[in-house]
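Asks: Provided herewith is a single structure, encoded as structure tokens, for subsequent inquiry.
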Amino acid sequence: MNTVRVTFLLVFVLAVSLGQADKDENRMEMQEKTEQGKSYLDFAENLLLQKLEELEAKLLEEDSEESRNSRQKRCIGEGVPCDENDPRCCFGLVCLKPTLHGIWYKSYYCYKK
């Protein structure tokens, strides 16, 4: 019975001592990994920041240029009355006083240039 107790005690002491060594090694590994992780996170953060700055530059460039798809808003078509002080005739039209057939209306109309 003593032999079993001694054997058990010996195994217990070995397990505890080896467990402590593993614990220290694990702690050191975790510190190394966190340091590597921090450097990786810094690298990833810088890369993401560069990409965001590039996207922002592209967006600002697109905003400054006139888009091909943009159109004039609320323009007045041909033959429609307009205000001589604030003409809103569509592109290619001019706000002019009518000739002959529209004289009695006393208003300006949008005509082709």
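Each residue, glycine too, has its Cβ placed from N, Cα and C.
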Asks: Quick one: Swiss-Prot says Cys110 makes a disulfide with which of Cys89, Cys90?
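Replies: Between Cys110 and one of Cys89, Cys90, Swiss-Prot records a disulfide, namely with Cys89.
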Asks: Looking at Swiss-Prot, which of Cys82, Cys90 bridges to Cys95 via a disulfide?
Replies: Cys82
Asks: Enumerate same-chain residues with a sequence separation of six or more from Cys110 (disulfide bond) and a Cβ-Cβ distance below 8 A; give 'none' if the list is empty.
Replies: Ile76, Gly77, Glu78, Gly79, Val80, Cys82, Pro87, Cys89, Cys90, Leu93, Val94, Cys95, Leu96
